[in-house]
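Over in TrEMBL, the protein carries these features:
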- A:Asp28, A:Asp30, A:Asp256: Mg(2+) binding site (BINDING)
- A:Asp28: active site, nucleophile (ACT_SITE)
- A:Asp30: active site, proton donor (ACT_SITE)
- A:Lys231: substrate binding site (BINDING)
Number of protein chains: 2
Amino acid sequence: MSVTPKYLTGDKAAIQEFLDKYDVFLFDCDGVLWSGDLIFEGTVETLEMLRQKGKQVVFVTNNSTKSRADYKKKLATLGIPADIEEIFSSSYSASIYISRILSLPPTKRKVFVLGESGIEQELTAESVPFIGGTDPSYNRTITPADYGQIVSGDRSLIDPEVGVVLVGLDFHINYLKLALAYHYIQRGAVFLATNVDSTLPNAGSLFPGAGTISAPLVKMLGGREPVSLGKPSQAMMEAVCGKFRFERGRACMVGDRLDTDIRFGIEGGLGGTLAVLTGVNSKDDFLRGEVRPAAYVDGLKDLLEGA
Amino acid sequence: MSVTPKYLTGDKAAIQEFLDKYDVFLFDCDGVLWSGDLIFEGTVETLEMLRQKGKQVVFVTNNSTKSRADYKKKLATLGIPADIEEIFSSSYSASIYISRILSLPPTKRKVFVLGESGIEQELTAESVPFIGGTDPSYNRTITPADYGQIVSGDRSLIDPEVGVVLVGLDFHINYLKLALAYHYIQRGAVFLATNVDSTLPNAGSLFPGAGTISAPLVKMLGGREPVSLGKPSQAMMEAVCGKFRFERGRACMVGDRLDTDIRFGIEGGLGGTLAVLTGVNSKDDFLRGEVRPAAYVDGLKDLLEGA
């Protein structure tokens, strides 16, 4: 992608032309609409403006710690009205992939989860059985006895029905869980990740993302990466397009990250990509990156000038 | 390295010729002398045989969870007499590197440790101040308030004197510690690892090694690796050779891992390398690997035939 991204901020005509080109806007959330728990000025008004223009708005997030229901609640708290069907989280995408696309043998249908309740809720909604996750019995230090029991496949630690290891962001990651995940994979479990973002924006800086929870396993597996169901994986794009049946050429992906959001839009063959400077990547990244957005603005609210 | 490794097991003449070539034997421990807490049959006798032939024996281990004193105790428990000076652990190697080689400004001399007591003991022996490590106050879940405090450099969480992040095997790894380590590195701390082994052999299988504790940070740092002070790092070889002042051509490295032990011996210009089949790598690895030992045996005890 050697095009130079178009800078739209302050250019009313260019913004109007940009808005007219699309019927659907897919939004990354964190870094675009808000940062952590702080909503950006103008977010609510911008989304409202788009809806008034008759645009379809879709929220596409790699945050696996929340379910779609959690997200709807978060959006409401911040003053953003949204329907649950407009929300696509990586935990939802992963759950759909497991329940509808993976062909698991009947005796291997259980998922060992490294992650938070968002994954659990979406797996439950798809009737996929799971262990691990937020179960507090896993929040402990590994003991000398555990090693032998894990290796021998003792039922107290190793569930023979586990056929999938699903890794998302886990604020309770520990050595025992990593050891169990590795042994399930070595026993043949499919290695999936909700997403592999290296970092998670919070408090104006970066913290470990979901990719840091799968990284130890990738290291142990000699570099073998999980199948990721979050952006930029096209599994998520298929789910979004399957639901709304829009024309891809009339859709635009809006995000702050080149390697997830912008790549997601480009590889999905969307009509456009818009990057914002309120998140992870910088203007320099946009102008010189290997992956480049078609256009960029300082912040989402700059689109209001095209109202 | 396209030589074909020589198989010595059962070949008395070849073993005797092999033993005669060296005055010094550097031994990896786990996977060579023992596995986990189980000593291999013939280990004690083989080491005794070598000592009786006047060979210098050195124990070189990447296990950072133990100090040299801990190792001497472990060796004694297993019936292997050893002097503390014969033991080189990656925690010792890292401590020497920090205290004697790194030129840290006087206000940045503290080390943030991700690891166990072996590292703490060796840092203490070298009078290097540290925080983190086994301090139980770090064994907790990250809280919403932590994010802002870490970012703002609040003294309750961020110590401005930290100039080094040292990562070893940490059985108590958690999200908070990873977040702190990342922020110290972003604030300019030197990123070191005792070693970056991907796996740790135990109970006849593999568990997460020290490299899985640094892997999340490497992921967050866009692929930037720590300076590793364990095998195959030549920092450790310099320390070993500096102490014993032996002729490298008359020394042989004995180990089970191609990517650490055998590479360590080859890159260190030792006269020979001997691989054993009681650890991580297989015969196929030895014969077809990118890095290959000069010779290999089924197990260390096979050398007894050359007594």
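Just so it is clear, glycine is given a Cβ too, placed from its N, Cα and C backbone atoms.
TrEMBL labels come from automatic prediction, so no person has curated them.
It is A:Asp256 that, of the binding-site residues A:Asp30, A:Asp256, has its Cβ surrounded by the most other Cβ atoms within 10 Å.
Counting every protein chain shown, the Cβ of the residue listed as 'substrate binding site' has 32 other Cβ atoms within 10 Å. Sequence-distant neighbours of A:Asp28 (Mg(2+) binding site): residues of the same chain at least 6 apart with a C-beta under 8 Å from its C-beta are A:Val60, A:Thr61, A:Asn62, A:Lys231, A:Met253, A:Val254, A:Gly255, A:Asp256, A:Arg257, A:Thr260, A:Asp261, A:Gly279. DSSP gives the residue listed as 'substrate binding site' a coil state; it is part of no helix or strand. Apart from A:Asp28, A:Asp30, A:Asp256, the residues listed for Mg(2+), the same chain places the Cβ atoms of A:Cys29, A:Gly31, A:Val32, A:Leu33, A:Thr61, A:Pro201, A:Gly255, A:Arg257, A:Asp261, A:Val276, A:Gly279, A:Val280 within 8 Å of the centroid of those Cβ atoms.
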